[in-house]
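*Asks:* My questions will all concern the structure given below.
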Amino acid sequence: MELPSNLIPDEASPEWMNKGDNAWQLTTATLVGLQTIPGLVILYGSMAKRKWAINSAFMAFYAFAMVLVCWVGWGFRMSFGDKLVFFLGKPGVALDEKFLLKRAFAGYLPTATMVFFQSVFAAITVVLIAGSLLGRMNFRAWILFVPLWSTFSYTIAAFSIWCPQGWLAKLGVIDFAGGFVIHLSAGVAGFTAAFWVGPRAEKDRRNCPPNNVILMLAGAGLLWMGWSGFNGGAPFVASTISGLAILNTHVCTATSILTWLLLDSLFFGKPSVLGAIQGMITGLVCITPAAGVVQCWAAIIMGIISGSVPWYTMMVLHNKVKLLKLVDDPIAIFHTHAIAGGLGGILTGFFAVPKLCRLFYMVTDWEKYLGLVYGLQNGRTPAGFKQMGIQIAAMVFVIVLNVVVTSIICWFIGLIVPLRMSDEELENGDDAVHGEEAFALWHEGERLVGRRHNNKVYDTHEFSFVESKGEVQMV
């Protein structure tokens with residue numbers, strides 16, 4: 001029997017490529033991209049104080065673009081290419097069709113699809129770091145920070161943990177979709193960079209209400225739903241493990257939100273939107289390293305832990321530990337990503353199911369992946385404790401890597417440009433930094449302030465605005 005014509009291999013659809021898997025992978029990559037553009041752009045822009053809305057959103061927007069260029073220039077092959085040293089691949093471009101159209105290192109995909117998929121993960125990691133630096137980092141310093149950090153920190157963690165040739169990958173670390181590589185890295189690097197940049201202006205730190213709570217929920221919703229691609233794409237195939245990973249992701253997240261809201265209600269008397277968003281993020285982060293290799297009941301337990309432990313570190317411990325009070329982390333990236341990511345990595349070593357690990361990794365030595373629970377149950381207790389030890393070793397490695405590399409990068413940038421904005425910029429916000437304001441309509445539409453685009457007409461449903469000499473007037 002002959003194959004249908006659409007399934008017959010040809011030069012554009014080689015025999016090794018699975019069209020369904022390729023379509024799924026491109027879809028999941030786009031979902032992850034949408035988590036940043038526009039998800040985190042909206043979330044950061046609306047969570048920030050009004051005078052920092054543009055700067056906060058623009059830091060994310062710029063970082064996404066810069067990382068993608070770095071990724072095809074050298075980052076992908078440093079993260080997933082031929083080994084240079086045990087923790088890093090050889091730099092090289094990912095631009096030639098001979099390289100991009102051949103089969104990727106995993107899955108039934110062309111390398112071009114893999115490059116794009118991995119690029120959006122690299123980009124969102126740097127964007128998460130930005131959350132620790134809102135409202136005071138010199139934008140020119142941020143311009144330098146993004147390519148330096150993605151080159152000298154992210155690539156090392158990605159190669160060590162995700163590349164088959166990486167030293168932690170060979171040991172058998174389990175990081176399904178980035179609990180260590182992305183979230184722990186971003187949380188620790190953001191906290192370290194925030195230490196070197198210094199805090200916001202005192203009045204901004206004391207009084208920093210979000211400028212639009214409804215838009216916060218919109219950005220958070222894009223982040224949440226986009227996580228179907230984040231975790232669902234990790235197996236590189238449209239498989240049963242992809243479905244399980246997506247289900248576990250949303251179950252854990254919902255449980256974490258409810259746990260956070262319960263604690264807010266018990267201790268503060270009122271549930272809050274901001275608390276719900278933080279609980280959402282900690283649930284998403286915690287399940288990420290485990291999404292496709294744990295049972296759904298374990299995802300619920302992880303949701304309870306991710307909704308309570310970071311809540312405690314943020315709401316109670318933060319005010320008691322001197323270092324946590326000293327470092328200004330505007331939207332609590334350290335608690336929601338470093339703490340939750342570390343928790344998720346450790347819990348993965350506890351709950352990982354051997355069969356699910358076999359279905360995910362599809363390697364001959366799959367038996368080395370064993371959660372402690374199943375080691376105790378199956379009489380392989382030493383193997384279970386070994387897995388926990390590998391998870392802890394990976395966590396320590398990522399923490400040390402990011403503290404050291406991020407500190408060196410901040411020191412180096414400080415030799416070229418100031419890490420921190422000037423006093424005038426800190427006082428005036430977006431208008432001083434970018435010459436723009438996010439909320440230009442004032443006094444019920446009587447005046448619209450503009451700074452950059454002279455002699456243009458702005459039409460609305462009810463009014464026209466004509467700009468002349470930097471000011472827009474209603475006509």
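Please read every residue number as a count from 1 along the shown chain.
Note: Cβ is positioned from N, Cα and C throughout, glycine not excepted.
Remember, it's a predicted structure, so these values are computed and weren't measured experimentally.
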*Asks:* Which one of these stretches, 84-104, 210-230, shows up in TrEMBL as transmembrane segment?
*Replies:* 210-230
*Asks:* Go through 23-45, 236-263, 284-312, 332-353, 392-417 and flag the stretch with the largest number of C-beta pairs under 8 Å relative to the transmembrane segment (105-130).
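*Replies:* That would be 23-45.
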*Asks:* I'm checking region-level scores; what's the whole-number mean pLDDT for the domain 'Ammonium transporter AmtB-like' (23-438)?
*Replies:* 95
*Asks:* Relative to the transmembrane segment (236-263), which of 142-162, 174-198, 210-230, 284-312, 332-353 accounts for the most Cβ pairs at distances under 8 Å?
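*Replies:* Ranked by Cβ pairs under 8 Å, first place goes to 284-312.
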*Asks:* So are the transmembrane segment (210-230) and the transmembrane segment (332-353) touching or not, going by 3+ C-beta pairs under 8 A with a sequence gap of 6 or more?
*Replies:* no
*Asks:* Counting Cβ pairs under 8 Å to the transmembrane segment (284-312), which of 23-45, 142-162, 332-353, 392-417 comes out on top?
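*Replies:* Going through each listed stretch, the top one turns out to be 332-353.
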*Asks:* Report yes or no: does the transmembrane segment (332-353) come within contact of the transmembrane segment (392-417), defined as 3 or more CB pairs under 8 Å with a sequence separation of 6 or more?
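*Replies:* Contact confirmed: at least 3 Cβ pairs fall under 8 Å.
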